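Here's the structure we're looking at; comments come further down.
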Amino acid sequence: MLTVDFIDDNAQIDAKHLPEIERLLIFAAEQEGIDEEAEVAVSFVDENEIQAINKAYRNKDAVTDVISFALEEGEDDFEMSDEPRVLGDIIICVKRALEQAEEYGHSFERELGFLSLHGLLHLLGYDHMNESDEARMFGRQDEILNAFGLRRDV
């Protein structure tokens, strides 16, 4: 089962939102066949912090909504151990999530779910660098969100 660790050093988000994000990520991991013990960290940051991370690691000096860092990237075989599989980190800019929820006409909860799931799918190897990969990733996102009950109209 997936364990989700939340990091919110600057009180960016109301804790009432965390249980649903955790349930969604556990549901998504199950949908993706992650049946062993695994961990993911979800951090909530402000615009300055995500811009600094984006610049340092992606060479893009701009605010973004979500960034993920896969700890297993490029590894084909994972050592068998008693330790949980550490998938990586998902970093969400709360202000961008609020803005995008308003822009897209859905709830803040739906946007948080979308961004959390988007980050998790990146950790699991999905990307959107070309048209076919984007269609695959975004289609999978919609399938999982809808199956979980977090549709666009929510």
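Glycine is no exception: its Cβ is also placed from the backbone N, Cα and C atoms.
Counting every protein chain shown, 20 other Cβ atoms lie within 10 Å of the Cβ of H118 (Zn(2+) binding site). Summarising the annotation, Swiss-Prot assigns Zn(2+) binding site to H118, H122, H128.
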Number of other Cβ atoms within 10 Å of the Cβ of H122 (Zn(2+) binding site) across all protein chains: 21
Sorted by sequence, non-H118, H122, H128 residues with Cβ within 8 Å of centre, Zn(2+): V66, S68, G119, L121, Y126, D127, M137, Q141
All-chain count of other Cβ atoms within 10 Å of H128 (Zn(2+) binding site): 16
